[in-house]
Amino acid sequence: MKMARIILVTLLLFNLVIVPSIAFPFGLDWGFHFGNNDDAQDDKQQVQPLPVFGEEKGNAKFGDGKGNEKLFEDEKLIANAAADGRAKLKVGFYSQTCPNAEKIVAEALAESVKINPEAVAQLLRLQFHDCFVVGCDASVLLDYSPTGDKVEKSSMFNGQLLKGADTVDDIKEKLEEQCPGIVSCSDTLAFSINEGMYLAGLPRREPLGGRRDSLVSLASLVEDDNLPQPNWSMEKMVSLFIKKGFTIEEMVILLGAHSIGSAHCDVFMERIFNYENTRKPDPTLTDPVVQEFQGICKNAGTQLFRNPTVNFDETPTKLDNLFYKNMVTRNKTVLVTDSNLINDPRTIPIVAKMAAENGLWQKRFADAMDKMGALNVLTGNDGEVRTTCRATNN
C-alpha cells in the first residue's frame, strides 16, 4: 500500500508539476544556482498566458491575464493540495503521546540559535527544498534511499549549500530521548520552523502536527525543475508557484523570506560586474547599491576575489518588512527574481503594500508558511516515523 502511494505521487508529480514547471531555492544563502540564460531569453519570446491575481481571500485564479478566468481540473487539484493537507493536520497532535514535544523543540532550537544565529534562515530554506519537491515529508533529510538512487541532498541544487540538517538532527535526538519513535522528522522540521519564526520576531503560533516521513528520496525529482533559480523570469516564477497551489500574492509574500539570511557573491556576481555580458552592472540597480555590493564582492578577475555573503537586508536574523522597504525606497535587490517584483505591474502593488503596512507581511508570511508546510503531507499509515532523520527505519 505504501509503495503504491509513492508510485501514485510520483506519477502525479510528473503529470502535474515536473513537466510544466521550473525551479528556485529559498533561505539563508538560499542555495541559488544559475541556469542556462538561454532559457530566460526563450521566456521573453514565448510568454504563455498567466494566472490573474487572486482575491484577497487567497483563491487561486487561472486565466489569460485579462480577467477571463478558467480553472482547469489538474490545476484545481494542485491548488487544493495545501488546503487538503492542512485538514489532515491538527494543533496538539502529540498532546497524548509526547505532550512536551513543542517545548523540547523550542528549548533545543533556542540553544542552536545561540551557537548559530543563521539557524532559522537555514531551516526555512531546508523546508522550502523539502516541500516544493514532492511534499513536506522530510525526504530532503535522507542520506540514502532504499532504492539505491541518488537522494535529494546530493542534487546539484542542494549539496553543500543546503544547511540546517544538523540542527534538525540535534532536535530530533532530544525528542527521541523523551518520546522514542513518536515525533516524525517532518514534524520536527515544521515545529522548528514555527518556533524559529517566533525567535525571528513573529507572534507565536501553535504548530500543526501529524506529518509522517517518506521512505524514498530522489535527486531526479529535485532536478526536474521543482526548485527555481535566481535569474528566472517572472513568467517562470509565477508558473511554478501557481502549480504548487499559491497565488501571485502568496508568491511575493513567500519570497519575502529574503528578509532573513544572505546569498553568496557568486550567486549574483554577474549582476554587479557584467550584467548580460555588457561588462557593466545591472542598470536597474542604483549606484549606491552597486557600490555597496561591489565593496563586499570583489570581481572574480582580481587577486582579492573571495566569495563572502551579502545580507538580503540590514536585519538578517529578523523577519520584518525591510526587504520590501528597501525595494521601494532604494531599489535594492540582491537577486534578479527579487528585482522582477518591482518591475512587474502584477507584483508592484503587493510589494508596496507589504512595505507600507508594518506587521502585515509578518502575518501573511506565517499564514503562507502554514500552507506550504502542508503540501502533499503523508499522514495516517502512509510513510513512517523515522527514529533518525538521515535514514529509513529498515
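A Cβ is built for glycine as well, from the same backbone N, Cα and C atoms used for every other residue.
The feature signal peptide is assigned by TrEMBL to 1-23.
What TrEMBL records for 88-393 is domain 'Plant heme peroxidase family profile'.
Residues or ranges marked as disulfide bond in TrEMBL: Cys98-Cys179 (among others). Neighbour density for Cys179 (disulfide bond): within 10 A of its CB lie 16 other CB atoms from the protein chains shown.
For Arg125 (site 'Transition state stabilizer'), other Cβ atoms within 10 Å of its Cβ number 25. Residues or ranges marked as site 'Transition state stabilizer' by TrEMBL: Arg125.
Using a 10 Å Cβ-Cβ cutoff, His129 (active site, proton acceptor) registers 27 neighbours. According to TrEMBL, the active site, proton acceptor annotation covers His129.
Taken from TrEMBL, the feature disulfide bond covers Cys131-Cys136 (among others). Sequence-distant contacts of Cys131 (disulfide bond), defined as residues of its own chain at least six apart whose C-beta falls under 8 angstroms from its C-beta, comprise Met372, Gly373, Leu375, Asn376.
Taking a C-beta cut-off of under 8 Å and a sequence gap of six or more, Cys185 (disulfide bond) has these contacts in its own chain: Ala138, Leu141, Val168, Lys172, Asp213, Val385, Arg386, Cys389. Residues or ranges marked as disulfide bond in TrEMBL: Cys185-Cys389 (among others).
Taken from TrEMBL, the feature substrate binding site applies to Pro228. A sphere of 10 angstroms centred on the C-beta of Pro228 (substrate binding site) encloses 25 other C-beta atoms.
In the structure as shown, the Cβ atom of Cys265 (disulfide bond) sits within 10 Å of 23 other Cβ atoms. Feature annotation from TrEMBL assigns disulfide bond to Cys265-Cys297 (among others).
On the backbone, the CA of Pro228 (substrate binding site) and the CA of Cys297 (disulfide bond) stand 23 Å apart.
Within 10 Å of Cys136 (disulfide bond), as judged by C-alpha distances, the recorded positions found are His129; the full candidate list was Arg125, His129, Cys179, Cys265, Cys297. Separation of the C-alpha atoms of Cys98 (disulfide bond) and Arg125 (site 'Transition state stabilizer'): 27 Å, rounded to the nearest whole number. Comparing CA positions across the disulfide-bonded residues Cys179, Cys265, Cys297, the one lying closest to His129 (active site, proton acceptor) turns out to be Cys265.
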